[in-house]
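Trainee: Pulled these features from Swiss-Prot for this protein:
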- 1-30: signal peptide (SIGNAL)
- N98: N-linked glycosylation site (CARBOHYD)
- N102: N-linked glycosylation site (CARBOHYD)
- 151-242: region 'Alpha-2' (REGION)
- C160-C223: disulfide bond (DISULFID)
- N165: N-linked glycosylation site (CARBOHYD)
- 243-342: region 'Alpha-3' (REGION)
- C262-C322: disulfide bond (DISULFID)
- N323: N-linked glycosylation site (CARBOHYD)
- 343-373: region 'Connecting peptide' (REGION)
- S374: GPI-anchor amidated serine (LIPID)
Amino acid sequence: MMLSRDLRAEAAVRLWIMFLLLEDLLGACAVGDYQRRVPSAPNTDIRNTLEKPRVTTQEVAGPHTLRYDLMALSLKLPELPQVLIWRYFDDEPFLHYNESSNRTDSWEPRIKRHWRAMTWARETEDLQEMVEQLKRMLAEVTGQKGQDKGLHILQATLGCELQRNGSTRGFWHLGYDGRNLLTFDQKTLTWTMDMPFTQQKKTFWEPRAPRADLVKTFLDDTCPAQLQRHLASLRSEPLDTGSPMVIVTFRNYPLGRVTLTCRAFNLYPHMATRGTLAWLQDRKLVKQKAFEPGTILPSGDRTYQIWVSIWVLPGQEPQFTCNLSYHGGNIEKRAVIVNTVSGEKTRQPSTSGVGGRVKKSLWTTMTTAFMVTSWTRKTGGDSTLLLLWWLLFFSTVLAVLTLV
């Protein structure tokens, strides 16, 4: 059944009124959400607040790992050296040894600068001993009767880990042709087979493994000393990856609010544990988020990054500044919007914040009152007039909530 013209018009007006009411309701919720998430902060001396050092147990005690990966080939190939050694600190490569050139080199420039010639000679000598040990074992294995004279590969993974409580744990694994072979047990000081074996295989391999007393000395003394030496070199000289960077990004939401995100990159370990990233509004601390374990993210190059976000109202962005305070420096980045089309920096209109919301709420109420009053005069609808008074009441409540 078709509605009359008057009923259709009244239904359209009611739908339009409900749309305006819903729009105001969502806007008021957004403001309330903003006020809950970004509370006002007292007038605090920013230097005293941001420069308090925070030291984590991870910075002092670890865990940290020093690991060697060794590979020896039974045949000399023109494309590859017969023996290769890589050394890893916390699973990142930083030192390698090439038997063809008989030299040790580092992928980290600061290791080259910090270590003296005597240190390099000692490191090279230690690696050469590992090379000779690996080559002897491979020669004994391939020299046995019945062994295939083709290409064989002997691999070893060994090292130590510094625990959080200051204790160390060692490990030594051997592999042959890509399969796990033997593992050293530090408690019993014996080698155990890692794969299904017969007594003949056990008798063949275990006597040819490195001597237990030499392995124990390396895992208990040599490796922990090397790990501590490397940790000392890391603490004495900062990473050479450039200065920290601070980037501010924006994200607009349809409910009348903007998310400001501040990201800090290129943070050295001592910066990440003793620095603070915070938002300032008109030079006053708004929301502070200190660097804590669990919030620091590794970047993959031994530096770290962190971010902090707040919600603001459209037009308030120029009032906010992101502040990165760390030992040795201070970086500030203003929240200036970049026009993605022209690349020019712009600012939001000055009408914003609570005043803007109140203005919009009052405008909606007045417009609604005018339209519905005009319609009720033509139709004489008492029900529509009653709806008007309810809408005026709710709009007034929303305006008051916006001011709170």
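Backbone N, Cα and C atoms are what each Cβ position is placed from, and that goes for glycine too.
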Trainee: With a 10 Å radius around each C-beta, find which of these glycosylation sites (N165, N323) has the fewest other C-beta atoms nearby.
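Mentor: With the glycosylation sites N165, N323, fewest surrounding Cβ atoms within 10 Å: N165.
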Trainee: Count the Cβ atoms, other than its own, that fall within 10 Å of the Cβ of C223 (disulfide bond), considering every protein chain shown.
Mentor: 24
Trainee: List only the single closest residue to C223 (disulfide bond), chosen from the recorded positions N165, C262, C322, N323 by CA-CA distance.
Mentor: N165
Trainee: What Cα-Cα separation, expressed in whole Å, is found between C262 (disulfide bond) and N323 (N-linked glycosylation site)?
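Mentor: With the alpha carbons as reference points, the distance is 9 Å.
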Trainee: Which of the three DSSP-derived classes (helix, strand, coil) applies to N165 (N-linked glycosylation site)?
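Mentor: N165 (N-linked glycosylation site) sits in coil per DSSP, no helix or strand.
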Trainee: Give the distance between the Cα atoms of N323 (N-linked glycosylation site) and N165 (N-linked glycosylation site), rounded to the nearest whole Å.
Mentor: 35
Trainee: If one looks at the chain holding C160 (disulfide bond), which residues at least 6 apart in sequence have a CB under 8 angstroms from its CB?
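Mentor: Sequence-distant Cβ neighbours: T65, L66, T168, R169, G170, F171, L219, C223, P224, L227.
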Trainee: Over the region 'Alpha-3' (243-342), work out the mean pLDDT and round it to an integer.
Mentor: 74
Trainee: For C223 (disulfide bond), which DSSP three-state class applies?
Mentor: helix
Trainee: Quick one: Cα separation, C322 (disulfide bond) versus N165 (N-linked glycosylation site), in Å?
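Mentor: Counting only the Cα atoms, the answer is 37 Å.
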